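Participant: Below is one structure. I have some questions about it.
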């Protein structure tokens with residue numbers, strides 16, 4: 001018996017003889033079905049690599065090799081990804097939150113363990129909204145039904161899952177009790193989409209609003225709702241819960257909706273939700289369950305600008321909204337949450353936002369908020385909007401009494 005340490009194995013003549021009998025064959029690895037599918041998908045995408053790569057990027061470095069038969073082999077080193085990232089302009093800077101009212105509300109939110117969109121989304125207007133002011137009540141936006149959405153819109157950074165955690169059955173009571181302690185005059189409720197639930201969370205939403213109105217009847221409540229898959233029975237359940245403003249965001253123009261929003265959310269479906277709410281007749285004033293009616297509630301929506309929309313597309317959207325009798329519209333700048341989300345196509349100037357405010361007001365909207373940092377709940381409790389709601393309720397009461 002011999003081992004590799006034997007003199008025979010170490011001899012040069014033995015190694016040369018052994019190596020001469022060995023043939024190394026190099027074969028290409030089979031292309032995986034997943035890679036093939038990806039190549040097919042990329043070939044059919046509307047966007048090209050030029051849409052994402054910098055036009056002035058340096059040439060891709062190459063390394064040259066020579067094969068065994070002397071033919072040259074060129075291997076390209078992967079070029080670094082460099083998407084077109086537009087620098088943020090100076091007007092996208094918000095003043096720091098410093099008021100006493102802001103600090104008081106912040107501390108209360110944390111003590112009660114409530115989730116606010118203002119903090120979760122790091123909204124730049126948090127100081128202004130929570131701080132209140134001479135012409136504005138302090139306003140906060142509370143997120144209910146959990147923090148996990150069943151949809152995956154390409155502009156939104158909320159985490160997603162097909163099976164989010166179950167609803168907290170005690171949430172309506174807890175939220176109502178907590179908000180009643182704040183002493184606010186206006187609150188905004190919003191939620192994630194819950195397509196996993198039989199009623200998509202409509203009854204839960206209704207319970208929260210109802211509890212709020214029972215705890216504090218004078219509180220103005222705005223509900224920023226999902227589309228409930230266009231199920232108008234579910235929309236009706238929320239719209240008649242006693243809220244004052246029914247909000248549902250269109251987000252963008254019709255042409256960009258398939259690219260920007262989840263495939264289950266369509267432009268026409270959202271438009272019909274807003275249209276339907278305005279057709280709901282108020283229950284007679286003075287009924288035993290007086291808080292359970294829509295009381296002619298306002299409808300509201302929001303549009304993001306800077307996603308590549310054209311002026312004509314925005315104008316068409318505004319006409320569609322007026323045709324659906326929508327009362328309030330807000331315009332804000334789209335900001336890319338992470339590198340995985342849609343890139344900003346344009347930073348719209350403050351002057352252009354002023355143009356859209358004037359245009360929308362001229363078309364008959366009751367109230368318009370438009371600016372780079374405006375979000376759907378921006379200045380929701382502004383004095384003008386409160387007065388408008390009060391006047392509308394008074395008119396409804398007079399009509400019912402006539």
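Cβ coordinates are placed from backbone N, Cα and C, and glycine is handled just like the others.
Bear in mind that TrEMBL entries carry predicted annotations, made automatically and left uncurated.
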Participant: Which range, 47-80, 81-114, does TrEMBL list as region 'Disordered'?
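Facilitator: TrEMBL lists region 'Disordered' for residues 47-80.
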Participant: DSSP secondary structure for residue 153 ([4Fe-4S] cluster 2 binding site), reduced to helix/strand/coil, please.
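Facilitator: DSSP call for residue 153 ([4Fe-4S] cluster 2 binding site): coil, neither helix nor strand.
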Participant: Restricting to the domain 'Radical SAM core' (134-366), what is the model's mean pLDDT?
Facilitator: 87
Participant: At a 10 Å cut-off from the C-beta of residue 153 ([4Fe-4S] cluster 2 binding site), count the other C-beta atoms across all protein chains.
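Facilitator: Taking all protein chains shown, residue 153 ([4Fe-4S] cluster 2 binding site) has 19 Cβ neighbours within 10 Å.
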